[in-house]
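Chemist: First, the structure itself, so that you have it in front of you.
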Amino acid sequence: MTIRYPNGKRYNQASQPHKTPIKKHTYSNRGMSLEEELNETNEYYLTHNIACVHKKPTPLQIVKVDYPARSAAVVKEAYFKQPSTTDYNGVYKGKYIDFEAKETKNKTSFPLQNFHLHQIEHMKQVIAHNGIAFVIIKFTLFDELYLLDAKHIITFWNRQNTGGRKSITKEEIVEHGSLLSCGYHPRIDYIRVLDTVYFS
């Protein structure tokens with residue numbers, strides 16, 4: 001399927017390297033992506049009346065559809081209607097929460113090129129309206145997850161724009177962020193960290 005941006009440029013998904021390092025999987029996360037783990041976590045929170053958080057749909061304009069059978073439709077070409085903001089939003093303890101989920105195979109840093117300007121602007125707007133904005137970053141080689149408040153992401157973004165580093169070091173993420181615990185239910189208990197960081 002061909003997907004295009006509003007300006008007509010083709011969207012090319014980053015290709016995955018052919019050789020990937022062998023990763024130890026625990027029984028709690030075998031074969032799951034960060035997005036799948038968060039979706040399952042949010043389902044748990046919703047079912048247990050803890051929080052109401054959902055994945056935002058990507059706004060697409062479908063251009064070409066093939067119908068190989070009467071009961072099946074295959075989308076062949078689509079455009080992004082508008083730039084997406086962040087991955088998830090919802091409500092917890094009466095506060096609006098909004099966050100992005102990112103993974104990296106880097107060992108020592110997280111590249112800021114994984115963010116787009118419109119995402120940074122969106123997080124600024126959430127903060128300006130007294131909402132809670134943050135990023136969940138997964139270092140896949142270590143199977144470590146951190147919750148980092150958006151104000152730090154914005155600071156590092158501004159540093160890059162004034163000639164500084166184009167990445168956030170893992171040490172900076174450890175210093176300013178919070179390590180997330182992983183388990184069975186919920187898989188990624190980010191609400192526990194929200195309680196500590198924003199509600200204590």
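Any Cβ shown, glycine's included, is placed from N, Cα and C.
Positions annotated as region 'Disordered' by Swiss-Prot: 1-25. Taken from Swiss-Prot, the feature Mg(2+) binding site covers Thr85, Asp87, Glu100, Gln119, and the record attributes it to sequence analysis. Taken from Swiss-Prot, the feature site 'Transition state stabilizer' applies to Lys102, supported by sequence analysis.
Provide an account of the burial state, proximal residues and distances for the features listed.
Modeler: The Cβ of Gln119 (Mg(2+) binding site) has 21 other Cβ atoms within 10 Å, all protein chains considered.
Around Lys102 (site 'Transition state stabilizer'), the same-chain residues six or more apart in sequence whose CB sits under 8 Å from its CB are Leu34, Phe110, Asn114, Phe115, Val135, Ile136, Ile137, Lys138, listed in sequence order.
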Chemist: Are there residues of the same chain, six or more positions away from Glu100 (Mg(2+) binding site), whose CB falls under 8 angstroms from its CB, and which are they?
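Modeler: Those within reach of Glu100 (Mg(2+) binding site), by Cβ under 8 Å and sequence separation of 6 or more, are Thr86, Asp87, Tyr88, Phe115, Gln119, Met123, Val135, Ile136.
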Chemist: Hey, of the binding-site residues listed (Thr85, Asp87), which one tops the CB count within 10 A?
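Modeler: When each Cβ's neighbours within 10 Å are tallied, Asp87 tops the list.
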